[in-house]
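The domain 'FtsK' annotation in TrEMBL covers 13-219. Marked as ATP binding site by TrEMBL: G40, E41, P42, G43, A44, G45, K46, S47.
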Amino acid sequence: MGPVKPGLPLSIFDPVPIGIDEFGMPVLIRLIWRNLLIGGEPGAGKSALLNVLVAYAALCANCRLILLDGKQVELGQWRKCADAFVGPNIVQALVLLTKLQKMMDNRYAFLLDCERRKVVEKIQTLSPVTGEIIWVPDAFLPYVVAIDEIAYYSATIGDKRQREEFAALLRDLVARGRAVGIIVIAATQRPSSDIIPTSLRDLFAWRFAGRCTNDSSSDIVLGHGWAQKNWSANSISPNNPGAGLLIAEGGSPQLVKTAYLDDRTCAAIAAYAADMRATVTAADRRALRAVPAAA
Ligand SMILES: Nc1ncnc2c1ncn2[C@@H]1O[C@H](COP(=O)(O)OP(=O)(O)OP(=O)(O)O)[C@@H](O)[C@H]1O
Ligand SMILES: [Mg+2]
């Protein structure tokens, strides 16, 4: 994979490196137009994986960040890179998800007007200066919505109505947000039906199961029947945090050891990314990524 070159913004439309497979080969996942569910027992490495993905997204000049973290400290280091950071507050979480839902509807209305079906990295247009065909970034940027410990919002704080509203809003974002670039990455210890509705769980295209306490918990993350086929995250050693089974829609599980960013590394990347985000203006973004159509 090699080191990330400073100064060169990454793209959220590219596959994101998350770790290595059993052969030491890089494992990359394409997040755009997809959502990711991360499950596993306490200490399995869920927040660590979330941090790797948020770090990548923070370094992408072509995406925005929304963070929800009941513990505050797991994603807190990235708050200066994010448009919004919500801690242990269900009211703020509901306001935020409602705004995202409204934005999603507006984006669909825009796409409808343009006779288009989804957000793309670049679209062709005529240069107002030279008159030649050039590629420019799409009209709006994708959003990475990272949620650590869904259960905190969907089953722990607030009253029943608020928790149900949270689950319903999240379900809508996961179900309809993909085409307009809303990428939900959500972590929870056990995504059973009391934590998130089964109908919501099944909508996640990517699932990562860190070590689980039993086969049934592993199946809840990966999908029913995988434990019977000998794919169970229960077989992962408790002494191997960050190891887990990754599955994509329609595929088979794959054993992955995720990358790990310690606190100092996260702080350094977050500071660099916040700086980059403050200085890279919309005009810069266009200039950076606008290239002649033939290129
Ligand atoms: N990929 C990794 N490589 C090495 N160590 C890791 C990795 N991922 C996690 N760890 C270690 O495991 C510890 C627990 O990880 P993490 O906090 O991500 O677990 P978690 O699944 O989020 O737990 P909880 O459910 O309690 O929030 C980390 O502090 C780190 O020491
Ligand atoms: Mg955690």
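Cβ coordinates are placed from backbone N, Cα and C, and glycine is handled just like the others.
Here the structure is a predicted model, which means the values were calculated and not measured.
The average per-residue pLDDT of the prediction over the domain 'FtsK' (13-219) is 93, rounded to a whole number. Proximity of the binding-site residues A44, G45, K46, S47 to ligand 2, judged by a Cβ distance under 6 angstroms to any of its atoms, singles out K46, S47 in sequence order. A 10 Å cutoff on Cβ-Cβ distances gives A44 (ATP binding site) a total of 27 other Cβ atoms nearby, all chains included.
Take the CB of E41 (ATP binding site) and look out to 10 A: across all protein chains shown you find 21 other CB atoms.
If you count neighbouring Cβ atoms within 10 Å for each of the binding-site residues G40, P42, G43, G45, the highest count belongs to G40. Sequence-distant neighbours of S47 (ATP binding site): residues of the same chain at least 6 apart with a C-beta under 8 Å from its C-beta are E74, L75, D148, A187. One way to see the shell of the ATP site is to take the Cβ centroid of G40, E41, P42, G43, A44, G45, K46, S47; the remaining same-chain residues with a Cβ within 8 Å of it are Q189, G210, R211, P241. For K46 (ATP binding site), the same-chain residues 6+ apart in sequence whose C-beta sits under 8 angstroms from its C-beta are I38, G39, G40, D148, A187, T188, Q189, G210.
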